[in-house]
Amino acid sequence: MSKKMFIRQAGNTLLNTPLLNKGSAFTLEERKNFNLIGLLPANIETIDEQVSRAYEQFSLFNSAMEKHIYLRNIQDTNETLYFRLINQHIEEMMPIIYTPTVGEACQKFSQIYRRNRGLFLSFEDQDELEAILNNAPNTHVKVIVITDGERILGLGDQGIGGMGIPIGKLALYTACGGISPEHTLPIVLDVGTNNSALLSDPMYMGWRHPRITGDQYDDFVDDCLKAIRRRWPNALIQFEDFAQANAMPLLMRYQNQFCCFNDDIQGTASVTVGTLLAAAHATGKKLSAQKVLFAGAGSAGCGIAEAIVAQMVSEGISVQQARSQVFMVDRWGMLEQEMPNLLPFQKPLAQPASLRTEWQIEANREISLLDVIQHAHPDVLIGVTGVPGLFNQEIIEAMAEDCERPVVMPLSNPTSRVEAKPEDILMWTQGQAIVATGSPFPDVVLAGKRYPIAQCNNSYIFPGVGLGVISANAHRVTNEMLQQASITLASLSPMLNGGNMLLPPLSEIQNVSRKIALEVAKKAVEQGKASHRTEERLLERIDEEFWYAQYCEYRRIAS
């Protein structure tokens, strides 16, 4: 506790301030100076003794949901202890504080609600936005995660229950990326809900109204974002879990106005490209020489596809050639240029009609996932559909028929929505597939051999991107910055050093984030999106911003 902090809070006010509370770790001198004598048990503990007790209590709970609620209670009581506990048990606790458990927490948000965290910007309060933002407990906000709760993971419209996602994401910004919780703020836009179960639930805590749409929605979001910029002009804004109809349009509208990005589109794309680059080392085949098949052609799938195209182009092939190697399949079959009602972001990825003729597929039926596998012979299969079991034995065996080491990535969250289970993929390919999933899965043992399953988790990317952006004081997040994050992640793959894991273990996530932060910051400077700084100074800035879960020594300021 060498670092000193001067504060005014005392007594129960101090104990009820999660960012400052130390609980049983307050020293005797602090207990006297801050009117805490008698408010705490006599024994003075270290933070590691507190962690031991907290972990023992955590281990007593049986269900993941109970553990999630317990950890959230610690977060709302003592944030330093919370993050110290998370950091010491990151691999065990990440699935509890975020996917897959956070999905259930969002569904049950109103039932398990205990204490306020973050801001709720309700359409009913649209004339009070400035006042609401001024009510935020954290005044020096640097990173904001914002959602409207309409597309929570694969679970659909959860209304204000979607607040669980920004809370969880920002916990990972801190646990993985070292961004002080003091500088983070979760926000949910309460624009109503179309979830009839929530509207009829007497416990639902949000605005009981069908979702606003059209100009009303666009104007409200615009008002909110501009109010946020006036309040915190340099804050990084991460869009999270907006529905397909809004996600891409919002990104396109604001990415050149604000320091912002969409994690579902760009973060998922970045970690996927990083994972594919790592897999390319294992297969010995450059990404630009591979064919990639997508199941799912929404904003997330197309965002990943465009990032793959950009990486292929950076390896020396033309955009036209790269697009010809990427195949998008949705519920109506493979995207074709002649299809009516293609969305703007789908059109560049649609294949020409001549391909149907070349493959000799009759005009009156859709081109299925299996059709593409049998005719295009892809190297990579990526799932972003939320359709469990979509990658069945026939699909996986067809992938392996013409590809010695197919890369299969069922990325849908939560676990209940995954397109295929890793153990099935490996069994159907006799252990030859390279598997990465969006949700956490245990290692698979097949024929006496252990196969680690890489979790293609955005937490490998966005914490480092955030740290890099705020350390460089960048005013934009560019696709090139995210591409640099992908390349950096791939360079840290244990496979480069003879290991059998695609991605670094989560126990090394802070080191990964720091390396990504430096490369992202350098790219921001190179592109003129941040003021010029040397690499040495950027490293110093990363060190200055990086927050460690340890207690400070308190000195009292007279009220």
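We count from 1, first residue shown onward.
Cβ atoms are placed via backbone N, Cα and C, with glycine included.
The active site, proton donor annotation in Swiss-Prot covers Y98. For Y98 (active site, proton donor), other Cβ atoms within 10 Å of its Cβ number 26.
Per Swiss-Prot, NAD(+) binding site is recorded for R151, D264, N413, and the stated evidence type is sequence analysis. Within the same chain, the residues at least 6 positions away from D264 (NAD(+) binding site) whose Cβ sits under 8 Å from its Cβ are F239, E240, D241, F242, A247, S299, A300, G303, listed in sequence order.
Taken from Swiss-Prot, the feature active site, proton acceptor covers K169, and the record attributes it to sequence analysis. Sequence-distant contacts of K169 (active site, proton acceptor), defined as residues of its own chain at least six apart whose C-beta falls under 8 angstroms from its C-beta, comprise Y98, V145, P186, Q238, E240, D263, F462.
Feature annotation from Swiss-Prot assigns divalent metal cation binding site to E240, D241, D264; the stated evidence is sequence analysis.
Reduced to three states, the DSSP call for D264 (NAD(+) binding site) is helix. Sequence annotations record features per position, and here Swiss-Prot assigns site 'Important for activity' to D264 based on sequence analysis.
In the three-state DSSP reading, Y98 (active site, proton donor) counts as coil. Around the Cβ of D241 (divalent metal cation binding site), the number of neighbouring Cβ atoms within 10 Å comes to 26. Neighbouring residues of the recorded divalent metal cation site, listed in sequence order and excluding E240, D241, D264, comprise T147, R151, I152, I165, F239, F242, A247, N262, D263 (Cβ within 8 Å of the Cβ centroid). The DSSP secondary structure for K169 (active site, proton acceptor) is helix.
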